[in-house]
Amino acid sequence: MALLQGYPKARDRSGRTKGHDSATRISRKAYFKAAGLNFLMLQVLFLGLFCYIFGAIFQQGPHTHNLNIVFVDYDNGVIGRSIRNAYAELQADTFPSLQERPAAQYPSPDQLTKAVCKTDFWAALYVAPGASQRLENALDGSSSAATYNRSDALTYIWNEARYPTVADSSLSANIETLSSAARVAYSAINGTGALQMLNTSDPTSITVFANPWQLSSVNLQPTTQGSRLIYNTLVIILILIQEFFYLGVINGLYAQFKFYVRFLPHRIILYRGLVSLAYTFCGSLCVTGAIWAFRAGWNVNGNQFALSWAILWLFAHVNFLWLDVFSVWLPVQFLPMALITWVVFNVASILLPFELSPGFYRWAFAMPAHEVYLTLIDIWSGGCNPHLSYALPIMFSLEVLGWFLSAVGVYRRCHYAVIAETAAQNAFQERLNAAMEFERKHDQEIREAMEGSQEVISEAKEREKMGEEIEKQETKMARDNRRASVACNFGPSFELVGSKSNA
């Protein structure tokens, strides 16, 4: 092909060995051994990660009963009895738990709103005072029928910002189902009595009988924008990848300019800290700005923007530090595995609320993604997810511990970088000494040959001896470099765009 003709050396057979050549047997065996080992490790790793993340959302439906809804009947009439009968029919593991409380415990709907806001319950359902009496008055054809308000009978309170997809499908939809079933139960309980009092000559009364109430919703923070679907998935993943890439850039910078040899550890810690803080500061601003730019009428304000920016900054920097910790203390060949595992563990901790996941997954309270998402829900819903008492301490604990381990890692890198640099200088000196010794012997042989003691060494033989000496020194230096690289792990390292080493 004409395209392949641009690479003529690729088909040059000089110096190439055939696949069945015995000289390649050792390297071929080592290749397949390493490839097979990594093949097995990666398959096991990803199988485990797939099982872990699928396990986090396994049987979400049968765990729905862990979502608790408080029910208060301020009316003590037929509507409340209809709700109880309907729930008795719907009660199952796949339906939220309706927990009735006396009106004395929650004297007003405002108290229910506070209970939902404090996450004591996922939602609250209540029957308004006098609702049953107003319904009866509307059925008898009096003037009350024209002024009857269907929306003033049964109301539920919820916070859509708290896991929006779960709130929509498992809470709101099921409460709507409960209300519809309660209308059927109402007809069974009070159908005969309602028909007796129904004014059949009044169209308004007939309409009220056909549709006695309409479920009302008090949503503490409507969250209907399309971007809500990725707040607890892609947003978190991209932040983690963003920190990993820049960590590789920073490591490349330090390796390229030999900062670990040139500067003292405390100065490097300061530089890395300032650069990482600045990078995560700007990165979190971009993330928050993108969320706000595509909020699509979401009712959030400037204060919530600033708070979201601050907590995302903390989250980003925590992950930068811990990825750096992994790069210091883990062998370099395991870093990609550690990265993907860290990403999966973080995302799995916020895919669903822990109420809908198996109990094992509650260990993920320690993951920074879980704490940052709880804090973001609290910010976005105006304080209606008050878990800051443990979310922020966990985040700051991870930050402090990450700083400490990363700082110790700088000392470790500096230590082994100096060892590696010394080894390189010694290797160069050994090569220089070997070359000088070879030259000295060569001069001596020439002198002896000129004196007639032996024949002049041919140029080909001289080149062969020189090549053997150089190869021996290069083999020794390569062995020393491998030892140094194993001990001195700088972590993932990427070439810097537009940079030139002035080492």
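Cβ coordinates are placed from backbone N, Cα and C, and glycine is handled just like the others.
TrEMBL lists 1-21, 451-482 with the feature region 'Disordered'. Marked as compositional bias 'Basic and acidic residues' by TrEMBL: 9-21, 458-482. Residues or ranges marked as transmembrane segment in TrEMBL: 35-58, 229-249, 269-294, 306-323, 335-354, 390-411. The domain 'DUF3533' annotation in TrEMBL covers 38-403.
Mean per-residue pLDDT, taken over the domain 'DUF3533' (38-403), amounts to 92. The transmembrane segment (269-294) makes no contact with the transmembrane segment (35-58), as judged by fewer than three Cβ pairs under 8 Å among residues 6 or more apart in sequence. Count of Cβ pairs under 8 Å against the transmembrane segment (35-58): among 229-249, 306-323, 335-354, 390-411, the largest is for 335-354. Sequence-remote contacts of a segment are chain residues at least 6 beyond its ends whose Cβ falls under 8 Å from one of its Cβ atoms, and for the transmembrane segment (229-249) they are 163-165, 276, 279-280, 283-284, 287, 291, 312, 315-316, 319-320, 323-324, 327, 339, 342-343, 346-347, 350-351, 369, 372-373, 376, 491-494, 496.
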